[in-house]
Amino acid sequence: MLSAKDLKITFNPGTPIENPALRGLSLDIPNGQFVTVIGSNGAGKSTFLNAVSGDLAIDSGQIVIDDTDVTKQPVWERAKRVARVFQDPMAGTCEDLTIEENMALAQQRGERRGLGKAVRASMRDGFRESLATLGLGLENRLSDRIGLLSGGQRQAVSLLIAALQPSRILLLDEHTAALDPRTADFVLQLTARIVAEKQLTTMMVTHSMRQALDVGERTVMLHQGQVVLDVSGEERKGMDVPDLLAMFEKVRGEKLSDDALLLS
Amino acid sequence: MSLFSLFGALEIGLIFSLVALGVFISFRLLRFPDLTVDGSFPLGGAVAAILIASGWDPFTATLVATAAGALAGVATAMLNVHLKIMDLLASILMMIALYSINLRIMGSPNVPLIMEPTLFSVLQPTWLTDYIARPLILVAIVLLAKVGLDLYFSTQQGLAIRATGSNPRMARAQGINTGAMIILGMAISNGLVALGGALFAQSQGGADISMGIGTIVIGLAAVIVGESILPSRKLLLATLAVIVGAIVYRFFIALALNSEFIGLQAQDLNLITAVLVVICLVIPLAKKRLLRRRNV
């Protein structure tokens, strides 16, 4: 499980552009739960995700994954427990390496890397099998450079390799935002399937309220660096986008000024 | 061009292919613009020469020289990784620091190796003349280095170094300690360069403080010439291309300097290098334009 306690991050402290991005954010996600995270621009979604992955150091607070305090661990050490897919489809894979080399890298996530051969013949069958589930024909292109693939294909592979090695937490950072609608839909279906199959504890940041309600079991809304809304179970099942908006307005006692952004 | 100068060019070309392999690792695999090379090449020469001159056997001396180069690479990388100094600046700082260090090691601006045994004199069979034996010995060393690198960079650790250069953020997300990989890669790179320096000193009759000037340009030129002769993203071919590039580069230089009708002299060396690199960089562009015209 993931437990974030009273996270605080302030960008550029002590300057005129001081920006308190997280103001005491707390969130507990039990094992195997799929949580979607929404919020307007600047609400702290990405900051929160980067804090959990270790890309950003927090000013105060505590992050615990499965009873292990990871607050002080650098990204590469947390990678044992945390898998991640980035918003930029080019960021999740190494374009200079082949598909199989990328998969071999990911299969060893969090393990010691020694002088053993990186890509062994025995791995290839497994790689082919999991690539075949994408239905993109990539299973026949194992030794192609991954830079030759399209953004959508690369994002699908990123998602696939994030789940190659068992991990506790899967972080998805608006991972469909840079894709065209059809590809985005494909990647989202794939996400739901992989999360269900591997029973991953998942946190998905999204810009789209529709998406946030369609997948996962629980939806959390951030505003000004805090959790302002947390719906799950029966309450969430009957919800639609307008309900979510209405709830948000009730909670904050103010009208959302950037509806357009949230609905997009 | 005489046969003698042909073999001479081959010999120096082979020595510089070790430098070029080192430059390939830092510039291409790690994407670390590393000018330390201008200091670690003479460092290798200085350490090997002074040790041989004080009675060490040439094998141990060459090994120690290689290790010294690796250490210089580690120092540059640590300036960058731990002290957060920009990569280019860190390597320039190390380069100028090494100038003083090399003078300290040698005790004077040059250390001659005339009568002392060298790696070449020890390995040379009695029935072969030295201008043929030396390139042969070097071919063996260079091939060993190439195959070693090919194997290493296909291991888990080697792949982690390549991932670090290609996409550090992804590498960290896969649990790779990218800082450690940069240090390791730079150690290998500068170790190779220093090995080149140690062999250069032993083949040219001594180490000299100015022998490092322009090493990085020669190394980069070799990498670029090689890539334009044999363009490939496959590691096996890329390392081969770098070696071929270093030798071809040296032949061009020898050809230019030995063709009296052109009227070029030794002082034109750097100008020839610059022109050669420009030509190699322009070839792909010219090729593309030519193809487009044909298609229209």
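Don't overthink the numbers, they just go from 1 along the chain as shown.
Every residue, even glycine, has its Cβ placed from backbone N, Cα and C.
Sequence annotations record features per position, and here TrEMBL assigns transmembrane segment to B:6-27 (among others).
Residues or ranges marked as transmembrane segment in TrEMBL: B:39-56 (among others).
Sequence annotations record features per position, and here TrEMBL assigns transmembrane segment to B:62-81 (among others).
Taken from TrEMBL, the feature transmembrane segment covers B:88-107 (among others).
Sequence-distant neighbours of the transmembrane segment (B:131-153) (same chain, 6+ residues past either end, Cβ-Cβ under 8 Å): 4, 7-8, 10-11, 14-15, 17-18, 21, 25, 29, 119-120, 123-125, 159, 161-162, 188, 192, 195, 199, 203, 235-236, 239-240, 243. The annotation transmembrane segment is assigned in TrEMBL to B:131-153 (among others).
The feature transmembrane segment is assigned by TrEMBL to B:179-201 (among others). Counting residues 6+ beyond its ends, the transmembrane segment (B:179-201) has Cβ neighbours under 8 Å at 12, 15-16, 18-19, 21-23, 25-26, 29-30, 32, 34, 36-37, 40-49, 61-62, 65-74, 76-78, 80-82, 111, 113, 119, 138, 141, 145, 149, 152, 157, 160-161, 164-165, 171, 207, 211-212, 215, 219 in the same chain.
Sequence-distant contacts of the transmembrane segment (B:207-226) (same chain, six or more residues past either end, CB-CB distance under 8 Å): 16-17, 19-20, 22-24, 27-28, 34-35, 37-43, 45-46, 48-50, 98-99, 102-103, 106, 109-111, 113, 193, 197, 200-201, 241-246, 248-249, 270, 273, 276-277, 280-281. The transmembrane segment feature in TrEMBL is assigned to B:207-226 (among others).
Packing against the transmembrane segment (B:235-257) from elsewhere in the chain are residues 1, 5-6, 8-10, 12-14, 16-17, 19-21, 24, 28, 142, 146, 149-150, 153-154, 218-219, 221-227, 229, 264-266, 268-269, 272-273, 276: each is 6 or more residues past its ends and has a CB under 8 Å from a CB in it. The annotation transmembrane segment is assigned in TrEMBL to B:235-257 (among others).
Summarising the annotation, TrEMBL assigns transmembrane segment to B:269-286 (among others).
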Taking contact to mean three or more C-beta pairs under 8 angstroms, with sequence separation of 6 or more, is the transmembrane segment (B:88-107) in contact with the transmembrane segment (B:39-56)?
yes
Using a Cβ cut-off under 8 Å, which residues of the same chain at least 6 positions beyond either end of the transmembrane segment (B:269-286) come close to it?
214, 217-218, 220-221, 224-225, 227-228, 231, 249, 252-253, 256-257
May I ask for the residues of the chain that lie six or more residues beyond the transmembrane segment (B:62-81) and have a Cβ under 8 Å from a Cβ within it?
32, 34, 36, 39-41, 43-48, 51, 56, 87, 90-91, 93-94, 98, 119, 179, 182-183, 185-195, 197-199, 202
Report, as numbers and ranges, which residues of the same chain sit near the transmembrane segment (B:6-27): CB under 8 Å and 6 or more residues beyond its ends.
33-34, 37, 41, 131-132, 134-135, 138-139, 141-142, 145-146, 149, 185-186, 188-193, 195-197, 199-200, 203, 215-216, 218-220, 222-223, 226, 238-239, 242-243, 245-251, 253-254
